[in-house]
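Encoded as structure tokens, the structure appears first; notes follow it.
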Amino acid sequence: MIEPFGNQYIVARPVYSTNAFEENHKKTGRHHKTFLDHLKVCCSCSPQKAKRIVLSLFPIASWLPAYRLKEWLLSDIVSGISTGIVAVLQGLAFALLVDIPPVYGLYASFFPAIIYLFFGTSRHISVGPFPILSMMVGLAVSGAVSKAVPDRNATTLGLPNNSNNSSLLDDERVRVAAAASVTVLSGIIQLAFGILRIGFVVIYLSESLISGFTTAAAVHVLVSQLKFIFQLTVPSHTDPVSIFKVLYSVFSQIEKTNIADLVTALIVLLVVSIVKEINQRFKDKLPVPIPIEFIMTVIAAGVSYGCDFKNRFKVAVVGDMNPGFQPPITPDVETFQNTVGDCFGIAMVAFAVAFSVASVYSLKYDYPLDGNQELIALGLGNIVCGVFRGFAGSTALSRSAVQESTGGKTQIAGLIGAIIVLIVVLAIGFLLAPLQKSVLAALALGNLKGMLMQFAEIGRLWRKDKYDCLIWIMTFIFTIVLGLGLGLAASVAFQLLTIVFRTQFPKCSTLANIGRTNIYKNKKDYYDMYEPEGVKIFRCPSPIYFANIGFFRRKLIDAVGFSPLRILRKRNKALRKIRKLQKQGLLQVTPKGFICTVDTIKDSDEELDNNQIEVLDQPINTTDLPFHIDWNDDLPLNIEVPKISLHSLILDFSAVSFLDVSSVRGLKSILQEFIRIKVDVYIVGTDDDFIEKLNRYEFFDGEVKSSIFFLTIHDAVLHILMKKDYSTSKFNPSQEKDGKIDFTINTNGGLRNRVYEVPVETKF
């Protein structure tokens with residue numbers, strides 16, 4: 001029974017090796033499930049399981065019956081109207097990032113929101129266009145269009161050439177069809193990952209990586225909108241360093257800038273930025289955020305229409321938008337083939353952003369979130385959106401913040417927002433016809449402030465974790481230089497490389513006892529340390545595998561202060577000389593040491609030829625000699641063999657989670673080298689699976705025995721102290737007891753069973 005004794009930690013138990021512990025404490029027979037067992041569970045069915053699956057697939061069936069109509073409906077309506085207005089404006093603005101007509105941004109704002117209502121698990125995120133995703137789709141579309149055959153038209157891309165599309169230019173129709181295909185494929189990838197329950201892949205996108213990537217992507221968005229702000233004709237670039245080519249194209253024709261577009265964009269951007277800052281600073285006092293984007297859009301459209309900016313200043317405007325939705329199209333398989341890599345990146349970034357934002361709100365409001373179901377919801381939304389000519393989306397941070405801050409309680413707010421978008425598409429879209437594209441570009445840039453402010457993360461990460469800081473910086477550089485697709489792939493690879501680097505060069509340490517307790521810490525960190533004479537405790541804080549087994553060996557040699565293999569070879573060479581002297585009768589043994597009747601001895605050429613490395617690495621065998629050799633004493637003829645005081649080595653493997661074949665072989669070689677020079681090795685802190693794995697690898701033999709494993713460092717240290725006949729008076733003479741008992745150390749064959757006379761209490 002465990003009972004508290006003040007603030008003291010008092011434990012009385014035997015010193016346990018792993019073998020002794022398993023003998024005294026029988027293990028339960030656990031049944032490890034096989035693949036067939038898991039398959040049976042997956043394929044079995046019951047009414048409860050069927051209900052659980054339906055509720056999981058359609059989360060709306062869980063929360064809609066519990067909807068508090070009187071308490072939540074008004075809040076959801078107010079939130080939905082605010083979110084819908086923002087969704088309309090962002091849809092129009094982010095369509096420019098894909099380089100397609102703005103009306104398709106409205107489609108991208110409508111369909112995903114409707115699908116997410118039924119399949120999503122978050123109650124607060126607003127699903128639709130997101131600037132980073134729009135930029136990635138635009139680059140994928142540019143790549144797909146550039147790979148298409150020169151005479152390829154919109155019809156071959158799946159867009160029928162009918163009267164409804166006659167107002168579109170051919171290149172716009174081609175880009176619309178390509179964007180739809182990219183969106184459908186991204187949705188298929190997300191849906192497949194959700195069905196297969198492998199949403200965990202997003203864990204490879206760390207917070208630092210996502211922050212660096214979105215910051216670099218925001219810079220790409222900024223550069224891509226310059227052509228609309230200056231109203232310049234800039235060709236699309238999809239190859240690496242494309243951002244620099246775009247900048248060159250912009251500044252090489254800067255003299256062609258449309259001043260009316262530039263001035264309008266700067267005014268809108270300035271006003272939007274100021275009001276957004278006011279919204280942020282006074283969010284606790286404002287009942288709802290000031291809808292500055294909507295206000296500026298109305299003003300800009302009215303001024304453009306009243307002053308006839310299109311004809312007077314030749315500004316680029318949104319233009320006529322046909323009311324209603326266009327018929328669905330069939331995705332193009334060839335576009336799938338040309339953009340599969342880009343689509344994978346789009347799918348993963350979309351999920352990572354949406355899931356991270358949804359996680360914040362789920363923790364804040366305490367409701368469950370299912371990552372795999374989120375993948376299904378986003379995937380279905382993108383598939384439907386692509387079929388109806390929209391483009392891939394996720395959740396815009398600002399739009400979700402509006403939905404939550406204006407009182408949104410459930411996805412009913414998302415439904416109201418979708419209805420607002422629907423009204424614009426069906427009835428009042430024509431009012432936006434005179435709106436300048438430069439205004440939409442300014443609105444898009446106004447939403448980048450939060451992402452561009454992430455540059456401040458560099459200093460914070462540098463102070464907290466330099467590896468994370470390096471990941472952020474390299475992700476930013478890769479994404480800027482290589483583009484969004486290749487940059488993301490290179491960033492993930494670099495991040496995984498840092499993980500390998502951390503485990504390949506772990507911070508190994510030498511431990512010692514603190515304050516005569518059972519606590520062992522790095523001996524460099526504390527003053528009151530005790531290290532038993534001739535005992536070294538070495539800790540490795542990472543897995544040991546093929547990449548770091550060599551580093552582990554080097555650090556261990558540094559810790560003990562000598563190479564066991566070098567000592568072994570020196571001793572075997574010395575033993576050959578001693579054995580030769582003894583056979584020739586030139587060596588006598590006295591109580592005071594060796595007496596040699598010759599002054600020197602030379603190896604014959606034949607003997608030197610036989611001194612092969614393999615022979616010198618074998619265990620030292622002195623059974624044929626009539627005397628014992630003390631390798632730390634003086635040897636005859638001044639034979640030089642390094643003297644070592646180490647007799648016991650403890651390896652703390654409590655942080656070693658796994659070994660591979662190469663590391664097992666290397667570890668066994670290291671242990672054999674120490675054992676062959678009479679250094680007892682003990683391994684502590686491992687779990688049962690670790691030892692079972694060593695058994696499967698046939699790790700144990702006549703030299704390396706299973707009895708070297710102990711439960712804790714303290715168990716191993718006490719075992720060594722008793723085994724070496726250490727007197728307790730050396731540690732705490734005032735607390736010694738006169739009574740003594742016979743204590744048997746049972747090492748289960750690893751070491752010879754010996755009987756020691758030790759004190760009743762063993763204290764430091």
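Cβ atoms here come from the backbone N, Cα and C positions, even for glycine.
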In Swiss-Prot, Ser122 and Lys464 sharing a membrane side: no
Per Swiss-Prot, the range holding motif 'PDZ-binding', considering 149-152, 645-648, 749-752, 761-764: 761-764
The transmembrane segment (470-490) in contact with the transmembrane segment (198-218), cutoff 8 A, at least 3 CB pairs, sep 6+: yes
The transmembrane segment (375-395) vs the transmembrane segment (343-363): 3 or more CB pairs under 8 Å: yes
Cβ contacts under 8 Å made by the topological domain 'Extracellular' (433-469) with residues that lie 6+ beyond its boundaries: 89-90, 92-94, 96-97, 102, 131-132, 206-208, 211-212, 214-215, 217-219, 221-222, 225, 228-229, 231, 258, 261-262, 264-266, 268-269, 272-273, 276, 293, 296-297, 300-301, 304-305, 309-310, 315-321, 396-398, 498, 502
Tally of DSSP helical, extended and coil residues in the topological domain 'Cytoplasmic' (396-411): 9 helix, 0 strand, 7 coil
Residues of the topological domain 'Extracellular' (364-374) by DSSP state, where helix covers H, G and I: 6 helix, 0 strand, 5 coil
The transmembrane segment (100-120) vs the transmembrane segment (412-432): 3 or more CB pairs under 8 Å: yes
Top partner of the transmembrane segment (176-196) among 258-278, 343-363, 412-432 - counted as Cβ pairs under 8 Å: 343-363
